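One structure below.
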């Protein structure tokens with residue numbers, strides 16, 4: 001039987017999020033309570049690869065939207081962009097075994113879209129992580145932990161993000177965990 005695209009309510013989207021420098025600063029310091037979520041919030045290396053290892057059948061990326069857009073004021077500040085400066089914004093669902101596990105949002109300043117950076121606009125359904133972690137030019141900065149303003153059950157409550165640098169270019173990658181990812185008994 002073929003796998004369907006992700007089943008999810010259409011209103012599921014990237015929620016407003018409060019960002020912290022660490023799990024402890026976000027109040028996620030109790031392993032007994034936050035253990036499975038902590039695992040996903042602290043995965044080192046490629047998050048995409050960790051999700052692929054969790055899959056029993058198939059991992060895929062669904063594009064929700066991508067194109068030039070204005071980053072949020074907080075994202076612009078994090079990337080040192082002028083207010084209302086356009087950037088390439090990509091929002092996707094990362095799905096495993098036919099179910100959405102993660103919403104991801106990437107903000108890429110226009111200055112990073114030249115030369116090798118042109119590939120970032122043409123990823124299609126390929127995971128961004130596969131590109132970033134296959135290129136030694138890209139270096140990841142520290143992970144930040146996000147507490148999301150969840151709209152209802154099933155919406156992201158936790159997130160992680162980091163800056164990736166290549167020379168003077170930086171892009172911001174946020175991964176918003178859907179509860180079914182860390183409530184599942186199989187972490188990977």
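The backbone N, Cα and C atoms fix where each Cβ goes, and this holds for glycine too.
On a predicted model such as this, the values are computed, not experimentally measured, just so you know.
According to Swiss-Prot, the features are:
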BINDING   90, 128, 175  substrate binding site
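Every protein chain considered, the tally of other Cβ atoms within 10 Å of the Cβ of residue 90 (substrate binding site) stands at 22. Those same-chain residues not listed among 90, 128, 175 yet with C-beta within 8 angstroms of the centroid of the substrate site C-beta atoms are 91, 92, 104, 105, 106, 127, 129, 173, 174. Sequence-distant neighbours of residue 175 (substrate binding site) (same chain, six or more apart, CB under 8 Å from its CB) are 47, 94, 102, 103, 104, 159, 160, 161, listed in sequence order. Within the set 90, 128, 175 that the record links to substrate, no two Cα atoms are more than 12 Å apart, and one pair reaches that distance. For residue 128 (substrate binding site), applying a Cβ distance below 8 Å and a minimum sequence separation of six or more within one chain yields 48, 90, 92, 104, 106, 120, 173.
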